[in-house]
Amino acid sequence: MVKQLKFSEDARQAMLRGVDQLANAVKVTIGPKGRNVVLDKEFTAPLITNDGVTIAKEIELEDPYENMGAKLVQEVANKTNEIAGDGTTTATVLAQAMIQEGLKNVTSGANPVGLRQGIDKAVKVAVEALHENSQKVENKNEIAQVGAISAADEEIGRYISEAMEKVGNDGVITIEESNGLNTELEVVEGMQFDRGYQSPYMVTDSDKMVAELERPYILVTDKKISSFQDILPLLEQVVQSNRPILIVADEVEGDALTNIVLNRMRGTFTAVAVKAPGFGDRRKAMLEDLAILTGAQVITDDLGLDLKDASIDMLGTASKVEVTKDNTTVVDGDGDENSIDARVSQLKSQIEETESDFDREKLQERLAKLAGGVAVIKVGAASETELKERKLRIEDALNSTRAAVEEGIVAGGGTALVNVYQKVSEIEAEGDIETGVNIVLKALTAPVRQIAENAGLEGSVIVERLKNAEPGVGFNAATNEWVNMLEAGIVDPTKVTRSALQHAASVAAMFLTTEAVVASIPEKNNDQPNMGGMPGMM
């Protein structure tokens, strides 16, 4: 394919136009008075959302250079979402501010490498100051506050807080669509482990890339399955029952994996293969946990059992299994309650007896998976469009809450970033490095400025007053009042704020040091017009 090139200022300005188009679409959503964005969907109803990363992912621009700029900011949103699960709009606003200010300086003759060093230096100091100002999340109310702020809905914050209370801070919480109007919380026994499907062709929902199995059989073995013939007798019994099967094994490979995928694609049966969790002795113990939870028998040489001789009554069952690329969740296993209780008691005894912190931590994880269960937030709404929007908000709020439990909370509403302004301004630097520090200083005020503008106020006035306010005191855009943000429950997770700043700075620094851009030339439409027929011809 033929390529086209742009250099230096032409390249950067073209990419900046793309950055601005994406960021301008995303930043209207920030703050309590932020607006929604409507996304066109080809085969379904339009999606209405205020989720930054969802909007960013939808944007494709016609001009290849502008599209590259947009993709860079998309990367900021994606990375922040991966690490912290929220804060994507803040990250986008920060990235745009740094790129715009940095480009002004590069155009004026500043050295981009010096600017990058200054940006890195400033971000490092800002992150350290954020951690110093961070407070631990210690009670149910604080967890609810974080969720409520992220979702802009107190009810959602309360549901997440209750879910975390019931299954623990590290427990498994899933979000499902409800058939009714109301949102409900349900806790079901279940187990999750960090192993996903062995082939993407096993998914049942290609949009979400998830395999969902209803009332599946579950084969638990510590063996490697290489030959399809080894499991064929068992699969024939499963096919007759017309139910799906989850295969948890040391490894499913070669002929066995190929035939499972082929039969899945032909619709002969639904089977999902996942690797057994853990390693060594811990793997055996975790397989036993899964077997007890589901009522299965572990097919292992230790018990003299062979896959060829396995029958359907050796399989476990569960009401539902969900398998993603990275995780498997078994919900409501049909194991014997007395056996589960005995296993829980055994694990508790082992936790008390062990002297190793590492072993204790792993045993506690197993106990939580066996006894803690899975909390399910069932999202209700009056229409499908509202349901999707509400579900996205709850997902963000859950991620935000987990991040808060992990690294603590800071003052919300962009206040935390302005609170570290003083520390960053004290950095001693010269020349282009100092200019790089100043780029970050200006960007630190961008989220507050945008929140104020979305509330119909003059952002510069709010920023100047905030710089002179007591630490922790900020502007509540929902009520147009100046309050102590932490006391008012307007908080952001430290991890979210930190990640947004770090990823925005990373992409901005790369953008500023760009000197040439190579893009593909769009293919022209070569369709020829229809030729006129001769008289009497079609």
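Glycine too: its Cβ is placed from the backbone N, Cα and C atoms.
On a predicted model such as this, the values are computed, not experimentally measured, just so you know.
Lifted from Swiss-Prot, the feature list:
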BINDING   Thr29, Ile30, Gly31, Pro32, Asp86, Gly87, Thr88, Thr89, Thr90, Gly413, Asn476, Ala477, Ala478, Asp492  ATP binding site
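Positions of Swiss-Prot features highlighted on the structure.
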{"residue": "Thr29", "record": "ATP binding site", "DSSP (3 states)": "coil"}
{"residue": "Asp86", "record": "ATP binding site", "DSSP (3 states)": "coil"}
{"residue": "Asn476", "record": "ATP binding site", "DSSP (3 states)": "strand"}
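With respect to Cβ neighbours within 10 Å, the binding-site residues Thr29, Asp86, Thr88, Thr90 differ, and Thr29 shows the lowest count.
Summarising the environment of Gly31 (ATP binding site), the number of other Cβ atoms within 10 Å of its Cβ, over all protein chains shown, is 24.
Other Cβ atoms within 10 Å of the Cβ of Ala478 (ATP binding site) number 16 in total over all chains.
The local packing around Asn476 (ATP binding site), expressed as other Cβ atoms within 10 Å of its Cβ over all shown chains, amounts to 19.
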